[in-house]
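Following: one structure in structure tokens, then a few remarks.
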């Protein structure tokens with residue numbers, strides 16, 4: 001996507017730069033960061049700015065705070081980043097308050113300031129222009145490297161870009177990489193191209209499935225969403241997850257697949273249990289024999305073998321959504337095995353962020369995948385063919 005202004009197109013020399021990062025990382029009950037992939041992903045852009053003699057202001061959100069609370073502070077991020085960069089990170093006590101402004105004003109070349117959680121400012125999620133103006137006033141250049149929030153029109157993502165001309169705003173390396181991968185996947189995939197789609201809800205993936213069908217050679221559907229398709233085919237699915245209002249849509253997708261010559265694969269057996277809990281009794285059953293009152297919570301061994309066979313000749317695989325309730329150990333086997341099989345093959349493997357990235361990390365396969373997206377919702381919207389507000393704001397007008 002060459003019409004997106006790149007960080008490399010900008011004269012950064014000795015400038016004060018604002019980098020919107022995505023440091024929305026998972027933490028345990030003691031606020032220890034349990035996965036720092038998103039922080040590591042931001043490092044190439046930060047280093048590039050430092051190498052150009054910049055002073056750098058970093059900003060991100062963390063979680064969905066209702067109010068200012070130490071639970072959502074970016075302090076742990078500052079500590080982890082300092083360790084990864086082997087460099088002091090100056091931490092602001094607020095976002096656009098006196099502390100942040102003073103520290104921003106006094107920031108010297110080669111120094112890094114991290115602002116406090118952007119969502120401590122109510123205006124951030126409202127795309128408030130006053131907040132954007134305050135943030136913009138601290139710097140000379142704006143860089144967006146937060147792919148994970150590009151599908152949201154927020155102050156630090158969209159409104160802020162209005163205060164910079166094309167010579168002073170652009171996409172960081174991570175954002176560029178994400179967009180390039182997604183657009184190549186959709187426009188020029190090596191074939192056979194297979195999509196593996198899971199997760200609990202059809203509703204969240206409907207648009208992506210519709211957009212993917214004409215582009216893929218085969219489609220595998222697993223996870224909770226598979227039961228709406230099985231029900232549409234006339235199977236009795238017991239108490240399994242069902243989106244009744246989407247049965248017609250599921251049928252349309254199955255018919256469209258048939259008309260396009262795209263083979264759609266659904267589970268042939270499941271791990272069934274009466275309740276979704278670690279200590280519930282469970283058994284493997286064919287999809288047509290789910291006991292009354294029981295629910296399917298993972299794909300069974302026959303489905304795992306079938307799906308392994310389906311992806312064996314793939315040249316490109318796009319995977320978004322787990323195959324079962326992977327958060328509970330006994331229902332995680334299908335997702336973990338899928339991760340192993342996808343990572344072991346020769347195909348270009350692109351993993352949609354969020355839960356799928358968590359599965360891959362848990363399976364220990366992260367290094368074997370070609371690309372793991374840092375954004376769940378954003379990567380889905382790109383595959384759906386939507387223009388992301390944060391990306392649109394960085395397009396060069398000359399090419400329009």
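Heads up, the Cβ atoms here are built off N, Cα and C, so glycines get one too.
Cross-referencing 47, 83, 152 against the substrate binding annotation in Swiss-Prot, which names 22, 23, 24, 38, 61, 62, 63, 64, 119, picks out 152. Residue 205 (ATP binding site) sits 25 Å from residue 61 (substrate binding site), taking the Cα positions as reference. Whole-number maximum of the Cα to Cα distances across the ATP-binding residues 205, 296, 327, 353, 354, 355, 356: 24 angstrom. Counting only the Cα atoms, the space from residue 24 (substrate binding site) to residue 354 (ATP binding site) is about 11 angstrom. The closest partner of residue 61 (substrate binding site) among the binding-site residues, by CA position, is 356; the full candidate set was 296, 327, 356. Nearest to residue 296 (ATP binding site) in space, judged by Cα atoms and limited to the binding-site residues 22, 63, 119, is 63. In the three-state DSSP reading, residue 205 (ATP binding site) counts as coil. Classification of residue 296 (ATP binding site) by DSSP places it within a strand.
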